[in-house]
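*Asks:* Below is a structure I'd like to ask you about.
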């Protein structure tokens, strides 16, 4: 096979640009997402000691669940249960929002939806940075869960590539981004968790602003570097199909 034919088989420069862009976009997204993981116990202990009303209200739910499954009444288990509850809420909202995000990206394109979800994540990190109550912290997690569509959208971007070799390479780079994100992000979070012991009541503000900076850089990179990968004829055919179905339903 001649070298001239290899770029075409591998997807060419367009596919290489898309794959590189997806790697950077996903890495920045995961750095902001994983930054909070080691910090969560310290944050929950902070709200527990402050006597926050929203925290105490949710404590009743945690106590009920603890008694139902026979978990010992110790503070370390309380923190684990609270963290699990908040993590489950985030995952549930992500699960519910992902089909809508995917459907909108099939109609309007991957790039606009990536910009929209990244803006949503930026707003969630901004709420985290100014949260002085557990209710505001929960709001940050709710907004983040609803807007956490970047992983599925990046996967869709790679799946749009026309060349099988390029798609395989893109999926491999997504795996590399996950590995780096879940290695470096928690390390940074662990540093902030250790320094939180001497940083006062707003110890979480610096990591929140760092996560916001990651998300802002992500938005800028998407805006400047990521091309649209969804073919225009796919958008048109999807729109036409939906319009036909809606018209048939209305006339029936």
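Just so you know, glycine gets a Cβ as well, placed from its N, Cα and C.
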*Asks:* For which of the residue intervals 56-74, 113-131 does TrEMBL record transmembrane segment?
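*Replies:* In TrEMBL, the transmembrane segment feature sits at 113-131.
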*Asks:* Counting only CB pairs under 8 A, let me know which of 80-101, 171-194, 206-226 has the most with the transmembrane segment (113-131).
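*Replies:* Answer is 206-226, with the largest number of Cβ pairs below 8 Å.
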*Asks:* For the transmembrane segment (206-226), which partner among 21-40, 137-159, 171-194 gives the most CB pairs under 8 Å?
*Replies:* 21-40
*Asks:* What residues in the same chain, six or more past the boundaries of the transmembrane segment (137-159), come closer than 8 Å to it by Cβ-Cβ distance?
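*Replies:* Long-range Cβ neighbours of the transmembrane segment (137-159): 18-19, 22, 25-26, 29, 33, 43, 47, 54, 86, 89-94, 97-98, 101-102, 105, 110, 113-114, 116-121, 123-125, 127-128, 131, 167, 170-171, 174, 218, 226, 229.
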*Asks:* Across the whole of the domain 'Major facilitator superfamily (MFS) profile' (18-252), what does the mean pLDDT come to? Round it, please.
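*Replies:* Taking every residue of the domain 'Major facilitator superfamily (MFS) profile' (18-252) together, the mean pLDDT is 87.
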